[in-house]
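Okay, so here's the structure we're looking at.
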Amino acid sequence: MGECGGEHTMNILGIETSCDETSVAVVRDGSDVRSSIIASQADLHAKTGGVVPEVASRQHLEQMNAVIAEGLSVAGAAFQDIDAIAVANRPGLLGALLVGVSAAKALAYALRIPLVGVHHIEAHIYANWLVDPRIEFPVVCLVVSGGHTEIFLVRGHGDYQIIGRTRDDAAGEAFDKSARLLGVPYPGGVLIDKMARELHGNTQAVKLPRARLGADSFDFSFSGLKTAVANAVADPANADVAPQDWAASVQEAIVDVLVEKTIRAATANGARRVLLAGGVAANSRLNERMQAACNAAGLPMTAPPPVYCTDNAAMITCAGYYHLLAGRRDTLELDTLSSERLA
Ligand code: KG4
Ligand code: ZN
């Protein structure tokens with residue numbers, strides 16, 4: 001623990017390289033973000049319409065040292081000011097994760113400070129603790145990212161139960177695959193949100209299905225939506241639908257079921273709060289609709305600002321803080337795993 005102005009503080013440097021963002025953050029005491037650097041590879045992967053794992057790993061390698069240096073310099077910190085290292089070690093692209101994990105091990109070894117490996121999805125959930133360290137349990141958290149769509153019941157730190165999950169595509173995939181069908185470039189989700197919002201798209205312009213999977217189910221299915229979008233695009237009756245109306249209609253079909261099931265899950269499980277997490281939690285319409293539904297149900301809601309919803313190291317650092325507080329440490333043998341369920 002470092003000493004700063006007479007008070008005990010814990011400065012953690014966190015690293016995230018699980019997909020296509022090379023990110024480093026320095027966070028003091030779990031929620032005071034001193035720096036959060038995100039070197040995105042989005043432009044690089046836009047050329048191929050998606051992430052090519054080998055290209056991502058090479059790019060992480062090229063960026064890693066510079067991003068660490070920038071993370072420290074923006075925080076006004078030197079290596080000696082860092083008390084522990086947190087790193088995303090699972091799940092993700094193996095080659096990409098390895099770059100961050102190797103850097104983390106080297107730092108922990110050289111500085112003789114604790115190392116803790118963090119589950120990427122757990123970190124997405126913890127982005128909410130960056131916003132509000134006083135969140136009271138139990139909470140229901142909707143995790144919506146490029147590879148995940150799950151409703152978690154969280155009863156305490158580290159205590160997760162999945163009460164609903166997608167049976168096929170993730171919500172982020174539904175956004176990105178629909179975007180591709182509409183001719184919207186990668187990363188599609190972000191642009192669909194922007195088009196629908198800024199150009200006031202009509203949410204009812206194209207009729208699209210909502211898979212509810214039965215009245216009691218908290219599960220999701222988005223593969224039918226993708227097919228429906230493909231059919232609707234090919235239908236001459238929709239030839240005159242404006243791009244922003246396509247965007248708004250697709251977005252609404254995804255957001256409708258996410259909101260409905262999350263609120264039902266929260267109510268059924270006595271949650272004291274609803275949390276949003278993952279890249280799709282950056283979606284402005286999801287935020288707006290979830291907030292309105294939470295207000296109607298008398299439930300408070302927290303969502304991280306967009307920059308902490310998509311992949312970033314501040315969330316890794318925050319989750320690492322709670323692990324370290326609970327006494328967890330990893331050795332230099334820390335593994336890198338392409339897949340591992342959180343619950
Ligand atoms: O969490 P994340 O950054 O990476 C993964 O761990 O997957 O999530 C990326 C996903 C992509 O599918 C992207 O299109 C989606 O989040 N996304 C959005 C928005 N921002 C990112 N989807 C809808 N609206 C957004 N504003
Ligand atoms: Zn993610």
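Keep in mind that glycine also has a Cβ here, set from the backbone N, Cα and C atoms.
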Among N283, N287, N295 - the residue TrEMBL places in the same substrate site as V143, V144, S145, G146, G147, D176, G189, D193: N283
One of D256, D311, D330 listed by TrEMBL as binding Fe cation at the site of H120, H124: D311
H124 (Fe cation binding site) and S145 (substrate binding site), distance between Cα atoms, whole Å: 9
Entries of V143, S145, G189, D311 (binding-site residues) sitting next to ligand 1, with Cβ under 6 Å as the cut-off: S145, G189, D311
S145, N283 as binding-site residues, winner by CB count within 10 A: N283
In the chain carrying G147 (substrate binding site), residues 6 or more apart in sequence that have Cβ under 8 angstroms from it: A170, G172, E173
Cα-nearest neighbour of G189 (substrate binding site) within the listed binding-site residues, H120, H124, D311: D311
D311 (Fe cation binding site) and V143 (substrate binding site), distance between Cα atoms, whole Å: 13
In three-state DSSP terms, the structure that V143 (substrate binding site) belongs to: strand
